[in-house]
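Participant: Before we start, here is the structure in question, set down as structure tokens.
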Amino acid sequence: MKRTIGRRVLLVFVVGDILGAGIYALTGKVAGEVGGAIWLPFVLAFALAALTATAYAELVGKFPQAAGAALYANRAFHRPFVTFMVAFAVMMSGITSASAAARAFGGDYLTEFVSVPTLLAAYAFLALVTAVNLVGISESIKVNLVLTAIETSGLLVIIAIGAWSLATGAGEPARALELDPEAGWVGVLGGTALAFYALLGFEDSVNLAEECQQPRRDFPRALFAGIGIAAAIYLAVAFTSSMLVETDVLEASTGPLLEVVKVAGVAFPPALFALIALLAVSNTALINMIMASRLVYGMAQEGIVPKVLGRVHRGRQTPFVAIAFTVAIAFTLITTGDLSGLADTTVLLLLLVFACVNVSVLVLRRAPADPENPAPAFRAPTWAPALGATASLVLASPLTGRDGAVYLRAAILLGVGVVLYLLNRLATRRGRAASAEVGAEH
């Protein structure tokens, strides 16, 4: 791959990959967990993201290849099954995230234009995203860039409303400091898990390592700056939402930021903001379905899942079988849970991946020096990945008050991965045995 991506472009990619459906759709659900202090779970989620980012920043410096968490697990543990399951968990997290986005699309933002059953709207939306994915990667990326600019503008509108409200004395800033006394630490942890969904995406930027001009120097700076910018935007949006809209109204809405626009008393058309939000949700789904389908395609090319999943359309040159496989799972997932449940499943899967990445960076420090991979420019303080791994496991545990259905859904998805791994190993062994028999006959 050509190394054409500079620090500024990488920074834009990191920020664009984080911003999306999470903040547009889940702000109210976070409020339902903690009360008016919506910003608190976002601060904690940002802290966890920053801790895990230190591990990614160091590992990209050691291994500047486009493989991400699966590569790090492979280098650290040398266990094909572990490597496969990490890659599969990342892929499944993309599908569950797209399913959550589809659910969000069928909510209050769409109702601003037309009243359609949520499931029907979600299916139609996912079909449209699939069509864009099938057209081709270059077209998909162009659409992604446009949607990223639009979704960012929507969040800036909310921040501007917040600044105007503070300047004019509108709203109730004190409400943003109120923590629900009944929430307790379980509510805060549960809110943090949901808020963490909105910060996901920073980990995908490691797949650009091979195309960065100076990955060892530029990646850590762009990664931390991108997370910081996204966190600042989210905190401002969370504070504004709580200041202007009552907590119970936010909690009940699947379009919480639309409620902010409606009560703000500014000359910004709610319908226009609803359209921006729908495009933001669309971008999240598109990014995740592209990632998931290409990851399946890559695994098929490497022979670690059935090779039929690696077939490419002759005309469009897109992995149509992998796309069909991932969208079939997404269509099924839409019926298994609501927006919060699917988003929480995404978080659960990636928390397990992040725990593995944080442990991997510590394990790899004990490995002999690799002359092909010089020392990284950034070295995480040892406590950061250690605390990151611990925090990831805590947030993945039942201590958050997470619904048992989320664990069941994640277990079933990972179970599919185990079955695929075993089937592929069986097929590989049979192929080798057949080849050995043919060789013996000759």
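Each Cβ is built from the backbone N, Cα and C atoms, and glycine gets one as well.
Keep in mind the model is a prediction, meaning the values are calculated, not measured.
Just lifted these from TrEMBL, have a look:
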TRANSMEM  9-26  transmembrane segment
TRANSMEM  38-60  transmembrane segment
TRANSMEM  81-102  transmembrane segment
TRANSMEM  114-136  transmembrane segment
TRANSMEM  143-164  transmembrane segment
TRANSMEM  184-202  transmembrane segment
TRANSMEM  223-245  transmembrane segment
TRANSMEM  271-297  transmembrane segment
TRANSMEM  318-335  transmembrane segment
TRANSMEM  347-365  transmembrane segment
TRANSMEM  377-399  transmembrane segment
TRANSMEM  405-423  transmembrane segment
Participant: Could you check whether the transmembrane segment (143-164) packs against the transmembrane segment (271-297) - three or more CB pairs closer than 8 Å, residues at least 6 apart in sequence?
Facilitator: yes
Participant: Please work out which recorded stretch in 38-60, 114-136, 271-297, 377-399, 405-423 has the most C-beta pairs separated by under 8 angstroms from the transmembrane segment (9-26)?
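Facilitator: Per the Cβ count, the answer is 271-297.
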Participant: Would the transmembrane segment (271-297) count as touching the transmembrane segment (114-136), i.e. at least 3 C-beta pairs under 8 angstroms with sequence separation of 6+?
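Facilitator: These two stretches do touch.
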Participant: Looking at the transmembrane segment (318-335) and the transmembrane segment (347-365), are there 3+ C-beta pairs under 8 A, with each pair at least 6 apart in sequence?
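Facilitator: They are not in contact.
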Participant: How about the transmembrane segment (184-202) with the transmembrane segment (347-365) - do they touch, taking at least 3 C-beta pairs under 8 Å (6 or more apart in sequence) as contact?
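Facilitator: Stretch pair touches.
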Participant: Does the transmembrane segment (38-60) come near the transmembrane segment (347-365), with 3+ Cβ pairs under 8 Å (pairs 6 or more apart)?
Facilitator: yes
Participant: I need to check the long-range neighbours of the transmembrane segment (271-297): which residues 6 or more away from its ends have a CB within less than 8 Å of a CB in the stretch?
Facilitator: 17, 19-22, 24-25, 87, 90-92, 94-95, 97-98, 101-102, 104-105, 109-110, 112-113, 125-126, 128-130, 132-133, 137, 140, 143-144, 147-148, 150-151, 153-154, 157, 201, 204, 255, 257-258, 261, 305, 309-310, 312, 319, 322-323, 325-327, 330
